[in-house]
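Novice: Features from Swiss-Prot:
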type	residues	note
DOMAIN	6-247	domain 'ABC transporter 1'
BINDING	GLY40, LYS41, ASN42, GLY43, SER44, GLY45, LYS46, SER47	ATP 1 binding site
DOMAIN	317-551	domain 'ABC transporter 2'
BINDING	GLY351, LYS352, ASN353, GLY354, SER355, GLY356, LYS357, SER358	ATP 2 binding site
Amino acid sequence: MPKPLIIFKDFSFQYYSQQTPTLNQINLTIYEGQKVLIVGKNGSGKSTFLKCINGLIPHSYQGKITGTAIIKDKVLTQTNIFDLSLDVGTIMQDTDNQFVGLTVAEDIAFALENDDLPQSEIYQKVNMWAQDLGLQSFLDYKPQELSEGHKQLASMAGVLIYNPSILLFDESLSNLDPVSRAKMTALIKTIHQKYHSTILVIEHYLEDILDDSFDRVIVFEDEKIIYDNSPQKLILENILTKQGIQEPTYISALKKVGINLGSLPYLLNLPALQSLDFVQYFSNQLTNLKKCAISQNDPTQLLPFFPKQFAPFCPILQLQNISYHYESKQPNILNDISLDLFPGKMISIVGKNGSGKSTLAKVICGFSNPQTGTILLNNQDLTHLSLQQRSEKIGFVMQNPHHMISQKTVFEEVALGLLGKQLSLTEIKTKVHAILKTCNLDCFVNRPISALSFGQKKRLTIASILVMQPQILILDEPTIGQDLKHHTQIMTFLQKLNNKGITIIIITHDMSLMLNYTQRTLVLEQGKIIANTTPLKIFTDMSLMQKTSLNPISLIVLINKLPFTSEQKNVLLTQMLAFLKEDCCYGK
């Protein structure tokens, strides 16, 4: 029988800065070699739970503990964080907190150097993990020079290289491009099978991770565990839907066409579902579905729920021959980019990690100055504007909220940008409270920012930019770390802004977001724009998707197996997305 490895008995934890517990009466045993998925709404206690396993609580985050937690025979409150780290490896949500080396290679090698391994062995292992994670060409880079996605991979390599018996992944797949995410999901499976590691994974985005390889799924709600059972039962009992957690799109589609999920022996094994018998049954069910969302004469037209379009008389933003590199010895991050963006559009920018997406946004906003090229806003050259002047016209919400936050409380952070605008305190309070309510943060108005979850901090940074009412809003992965409720609130709010004429640019790895909310997609590859078209056309260009590390959502994977023509598949996909959106099964 497997050995109990992680034991929580009547365990509660309350941060000193909060009035109520973040974990309340947790009773749980995780056995050696189990692979566990942990889900729940923002602020439900998931990340705090992992911090109690790796020792960050109580050693780095103080608070009141009652009950008992035992990690690999070590009592949590009686064991120092170093001893726990020998058994527990954590890949954090915020990778910048993990780097200790001056270069990526040094950072990956850090744990092995502490163990005084021979240099030849260290070199061999560093190169092996760098190759497995696609980091070979970045070993000499400073960690701070990497894209957020490559930072995530580097931090993973630094943990995986010393093979701890317990591995914790705290939203660690969220910054990865779709192909890298799929590779990392496969790597986690391989590590679990090869080393029999005990693995705990926290994820909000279940599209390509929820499958039958997990032994258990644990659901947190209001600081308690409300579900601890198999992933199959999770779907059959509609636990995700009840909790407002987005289920994989193909699951929503199966429900929509009336398929009895309990009759499917391989419900969470998508490749097995693609058998001929099932495909034929799915096809018949779709044929019987009488609704029609679009004209079949134009299968690639925009989905009907897109916002009102504004007449593009002239571009609002023009990029002319923009090139940029960080240091002269390094190749260009952006290569001779020229682009016209029109007012009132919601645009997505996609591409593999390191393709130049975030750098392009920083150049537009003035955080980085291009070596060549011109940027025009409403035909005005932005070169001579100060960073403050440009920020009043173009708002930028960074991927990592910790790179933006500078104040102690929620109110102070949102009010900061308004202080120089000659507004009365009453006017400032009115604007701050209104935007906090929109972002579902009004109940935290006087709370210290340090007490917020990562997802709540993300919404806070969005609020701090939106309160300035910019003409163009650029968001780098705005929904990372958000549960379905807050994901939908953010995107619905962005749609309302877009309907008012604000041009919105979203950098994302979320293919569902791209397909459901944006009217146009730019695809970057090695610092160049190689596609500028509608999201649906991106998904029908398989060579483009393979070249740029874009993976189709699970619904598309399923539809591609149907015995239809390409045009029929495009019509079907558009219909299904409209149906799911309409019935609130998906994206709401």
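Each residue, glycine too, has its Cβ placed from N, Cα and C.
Since this is a predicted model, take the numbers as computed values, not measurements.
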Novice: Quick one: pull the CA-CA distance for GLY354 (ATP 2 binding site) versus GLY40 (ATP 1 binding site), whole Å only.
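Specialist: So the Cα of GLY40 (ATP 1 binding site) lies 30 Å away from that of GLY354 (ATP 2 binding site).
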Novice: Within 10 Å of each Cβ, count the other Cβ atoms and name the one among the binding-site residues GLY351, GLY356 with the highest count.
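Specialist: Most Cβ neighbours within 10 Å: GLY351.
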Novice: For the recorded ATP 1 site, enumerate neighbouring residues of the same chain (Cβ within 8 Å of the Cβ centroid of GLY40, LYS41, ASN42, GLY43, SER44, GLY45, LYS46, SER47, site residues themselves excluded), in sequence order.
Specialist: PHE220, SER453, GLY455, ASP483
Novice: Compile a sequence-ordered list of residues in the same chain as ASN42 (ATP 1 binding site), six or more apart from it, whose Cβ lies below 8 A from its Cβ; state 'none' when nothing qualifies.
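Specialist: SER453, GLY455, GLN456, GLY481, GLN482, ASP483, HIS486 - these are the non-local Cβ neighbours of ASN42 (ATP 1 binding site), listed in sequence order.
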Novice: Counting only residues 6+ apart in the same chain, whose Cβ is under 8 Å from the Cβ of SER355 (ATP 2 binding site)?
Specialist: LEU524, GLU525, GLN526, GLY527, THR548
Novice: What is the number of other Cβ atoms found within 10 Å of the Cβ of GLY354 (ATP 2 binding site)?
Specialist: 24
Novice: Within 8 Å of the Cβ centre of GLY351, LYS352, ASN353, GLY354, SER355, GLY356, LYS357, SER358, which other residues of the chain have their Cβ, at the recorded ATP 2 site?
Specialist: SER147, GLY149, ASP177, THR359, LEU524
Novice: Which ones in the same chain are close to ASN353 (ATP 2 binding site), with CB under 8 Å and 6+ residues apart in sequence?
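Specialist: Result: SER147, GLU148, GLY149, HIS150, LEU153, ASN175, LEU176, ASP177, SER180, SER549.
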Novice: How many neighbouring Cβ atoms, not counting its own, are there within 10 Å of the Cβ of LYS352 (ATP 2 binding site)?
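Specialist: For LYS352 (ATP 2 binding site), the 10 Å Cβ neighbour count is 25.
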Novice: So what pLDDT does the domain 'ABC transporter 2' (317-551) average out to?
Specialist: 88
Novice: What Cα-Cα separation, expressed in whole Å, is found between GLY351 (ATP 2 binding site) and LYS41 (ATP 1 binding site)?
Specialist: 28
Novice: In which DSSP state, out of helix, strand and coil, do we find SER47 (ATP 1 binding site)?
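Specialist: DSSP call for SER47 (ATP 1 binding site): helix.
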Novice: According to DSSP, collapsed to three classes, what secondary structure does GLY351 (ATP 2 binding site) have?
Specialist: coil
Novice: Would you mind checking how many other C-beta atoms are within 10 angstroms of the C-beta on LYS357 (ATP 2 binding site)?
Specialist: 29
